[in-house]
Every structure is written in structure tokens, then in C-alpha cells.
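Accompanying notes for the structure given below.
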Amino acid sequence: MEIFKEFTFESAHRLPYVPQGHKCGRLHGHSFKVAIHLSGDIDPATGWIRDFSEIKAIFKPLYELLDHNYLNDIPGLENPTSEVLAKWIWQQLKPLLAELSAIRIHETCTSGCIYYGD
């Protein structure tokens, strides 16, 4: 069974390694959507894999760091592509969420990535 909890945050960034003149090399922002996916067995006592409020509480410090911030200034996000962001979020959450199975990022309504871990 797999569950997920979604969050949205607003952030600015620029991609420093794109070719000169590429629009993503300029400062711009996104309304990011991140989904934290957990896989596991349903606990017979609770009827769930993990309490959604626990996921929210665990993600809160990251949310507060990412929301309304310039991603390039966050250590580990100097080149904040969606792929790098997904992997970075995974690295922060995996020690706290053993059931973590994927991080899904939408940087626009039609573009994003899914990271399944190493």
C-alpha cells in the first residue's frame, strides 16, 4: 500500500548551469508542489501506514526553509533543479520516515519529477 501527503510552497531560484540566455538562468519563481510518498503495510491497530499529521510535522521544518525563500541560498540546493530538489528532500526525510518510497515534485502544472531514492 502507498500513501502520500502533498504540500505547496512558493520559492524563487535560478539555474546557474544552463546555457547562456536560457530563461531558467534568470531569477524566477514557482508554486512548487511536493508529494511525500510512503509505502508499507497497514497497521492493524490504527488502520494506516503512518498518521498524515506526523508526516506534516516531520516536513514542517523543511517547508519553513523552502517557502518564500531563494532556493540557491540553501546548502545543497545551489543548482536547484526539480531533480536536485527532490533528491535533497529525500535525503532530509529518509532518516525520519523509514517508509519513504518517493518524492514527487511539480514545478509547474505540467512539469516535474519523481525520485525513488538511491
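Just so you know, glycine gets a Cβ as well, placed from its N, Cα and C.
The Cβ of HIS28 (Zn(2+) binding site) has 11 neighbouring Cβ atoms from other residues within 10 Å, across all protein chains displayed. Mapped onto three states, the DSSP output places HIS28 (Zn(2+) binding site) in strand. Look at TrEMBL and you will find HIS13, HIS28, HIS30 tagged as Zn(2+) binding site.
Look at TrEMBL and you will find CYS24 tagged as active site, proton acceptor.
HIS68 (active site, charge relay system) counts 10 other C-beta atoms within 10 Å of its own C-beta, drawing on all protein chains shown. In the three-state DSSP scheme, HIS68 (active site, charge relay system) falls into the coil class. According to TrEMBL, the active site, charge relay system annotation covers HIS68 (among others).
The active site, charge relay system annotation in TrEMBL covers GLU107 (among others). Annotation note: GLU107 (active site, charge relay system) sits in a coil segment as assigned by DSSP.
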For the Zn(2+) site given as HIS13, HIS28, HIS30, which other residues of the same chain have their Cβ within 8 Å of the site's Cβ centre?
SER11, ALA12, ARG14, CYS24, LEU27, GLY29, LEU71, PRO80, GLU107
Minimum Cβ neighbour count within 10 Å among the recorded positions CYS24, HIS30, GLU107: which residue?
CYS24
Please work out the number of neighbouring Cβ atoms within 10 Å of the Cβ of HIS13 (Zn(2+) binding site), leaving out its own Cβ.
24
